[in-house]
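Asks: Structure below; questions to follow.
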Amino acid sequence: MSVAQNTFPLSELMISLTTALDMTEGQPPEHCIRCCWIGMHIGMQLELSEPELHDLFFTLLLKDAGCSSNAARICELYATDDLTFKRRYKTVGTSLSSVINFIVKNTGSEQSWTERILTTIDILKNGNDYAQELIQTRCTRGADVARELRFSEAVAQGIHSLDEHWNGQGRPEQRKGEAIPLFSRIALLAQVFDVFQMEHSIEEALQEIMARSGVWFDPKLVEVVEQLVENPRFLSGLKATDISQRVMNLPPAQAHLPLDDAYLECIVTAFGKIVDAKSPYTAGHSERVAVYTDLIARQLAISDADRIWLRRAALLHDIGKLGVSNAILDKPGKLDEAEWRAVQAHAAYTEQILYKLSPFKTLARMAGAHHEKLDGTGYPRGVNGDEISLMTRIITTADIFDALSAERPYRAAMPIDKALAIMEENLHTAIDPECFAALKKALNLLPDEYTQLPHSSDKT
């Protein structure tokens with residue numbers, strides 16, 4: 001297995017990974033990148049220092065790093081599709097009537113009319129507490145991700161205070177005015193401007209931020225945006241099809257910060273946690289699949305260098321699930337045809353996301369094919385065994401084992417021996433026999449934290 005060397009800049013990796021963050025917010029592609037374009041031009045107009053522009057750059061790209069952590073709770077509280085809910089919520093006006101109208105229209109879409117009325121009443125009664133909880137969860141997790149990615153505390157705080165408002169009526173801490181970190185003020189302004197210019201027009205986006213000046217936004221920053229929209233180069237860049245490259249050409253992105261293996265591992269692990277945070281039923285899934293993958297690979301005498309990259313592919317194999325609604329992922333009953341197609345799409349999303357990352361181009365197909373089957377009945381391409389690499393077969397075996405042995409929305413965790421028995425029934429069709437044999441041997445070598453998996457003989 002040949003992979004690219006770690007000579008690419010940190011900015012390239014982060015820009016590419018924003019595709020996944022856009023998905024989890026239900027936003028059009030390149031939302032975070034456009035926000036970075038907008039926010040960086042604000043920062044340059046303010047003549048921020050080089051270190052400040054560097055931190056602002058990554059605050060803007062990673063502003064949504066914690067958003068997967070409240071997806072399941074949104075579905076639970078509002079009984080609706082989290083992706084659609086999040087996308088529509090960002091276009092709600094500031095008036096009470098706009099908020100109430102949004103709640104009535106978007107609550108209970110997965111329920112009967114009677115249940116919907118009861119849920120809506122609950123939201124109208126307790127919505128303030130729920131909103132605080134959801135934003136607190138997202139902000140705290142987003143800041144933690146920034147720290148895990150080794151960014152400065154200024155970046156972490158910029159993400160944590162994204163939803164604070166100039167008038168002190170924001171969340172999670174009701175900070176007011178200049179007590180709100182500058183990076184947060186810029187990021188929220190850039191976010192709202194992009195959402196409205198994509199949904200409507202530049203003119204309407206400008207009207208919206210001007211209407212919120214002194215309420216949501218720092219008036220001085222709004223004035224900067226008013227000046228920017230008079231700049232043809234700013235507007236053409238915002239609408240350009242190559243905006244990713246244009247953002248890559250900004251000064252902070254040009255600072256060459258090569259990644260060593262330890263830092264790359266840190267980044268991959270952090271994004272694996274972002275994926276797993278989307279559902280309570282996927283908590284720890286990516287890490288466990290990576291552990292099982294590595295143990296199987298050891299049994300098959302895969303080289304140390306290839307095992308490192310194989311483990312990274314395993315950590316990110318489900319990153320495409322950020323683009324699937326929790327209303328589907330956490331559904332306790334049988335999926336209908338449309339829902340099943342949505343679930344299947346996650347494998348293709350994984351490949352698309354990873355292919356954008358220079359070091360992962362070779363791994364993209366490998367990770368995205370983890371639901372292919374040897375008999376050709378898998379997805380996304382329906383290829384047969386001859387076209388499925390050994391590396392993919394290893395990840396597939398690890399993924400199936402964890403899917404069976406972990407708790408699911410529709411059943412409790414399955415004992416190891418029962419999971420292995422089911423897997424054995426699917427040898428030569430879905431599961432590679434050599435990989436399965438390696439898994440059985442590898443289970444005796446599990447790290448201590450994985451030795452508590454249930455067995456049929458265990459008392460319940």
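Positions of Cβ are set from backbone N, Cα and C atoms, glycine also.
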Asks: Going by the divalent metal cation 1 site in Swiss-Prot, where His317, Asp318 are listed, which of the candidates Asp242, Asp375, Asp386, Asp399 is also part of it?
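Replies: Of Asp242, Asp375, Asp386, Asp399, Asp399 joins His317, Asp318 in the divalent metal cation 1 site that Swiss-Prot records.
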Asks: Given the recorded positions Asp318, Lys321, Asp399, which lie close to His370 (divalent metal cation 2 binding site), meaning Cα to Cα within 10 A?
Replies: Asp318, Asp399
Asks: Distance check, please: Cα of His371 (divalent metal cation 2 binding site) against Cα of Asp318 (divalent metal cation 1 binding site), rounded to an integer number of angstrom.
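Replies: One finds 10 Å between the Cα atoms of these residues.
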Asks: How far is it from Lys321 (active site, proton donor) to His346 (divalent metal cation 2 binding site), counting Cα to Cα, in Å?
Replies: 5
Asks: Identify which of the binding-site residues His317, His370, His371 has its Cβ surrounded by the largest number of other Cβ atoms within 10 Å, counting every protein chain shown.
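Replies: Of the binding-site residues His317, His370, His371, the highest Cβ count within 10 Å belongs to His317.
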Asks: Near the Cβ of His346 (divalent metal cation 2 binding site), how many other Cβ atoms are there if near means within 10 Å?
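Replies: Here the count is 24.
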Asks: Under 8 Å Cβ-Cβ from Asp399 (divalent metal cation 1 binding site), six or more apart in the same chain: what's there?
Replies: Val289, Ala314, His317, His370
Asks: What mean pLDDT does the predicted model reach across the domain 'HD-GYP' (260-455)?
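Replies: Averaged over the domain 'HD-GYP' (260-455), the predicted model reaches a pLDDT of 92.
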Asks: Enumerate the residues of the same chain, Asp318, His346, His370, His371 excluded, that satisfy the criterion Cβ within 8 A of the mean position of the Cβ atoms of the recorded divalent metal cation 2 site; list them in sequence order.
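Replies: Those within range, site residues removed, are His317, Gly320, Lys321, Ala347, Thr350, Ala367, Gly368, Asp399.
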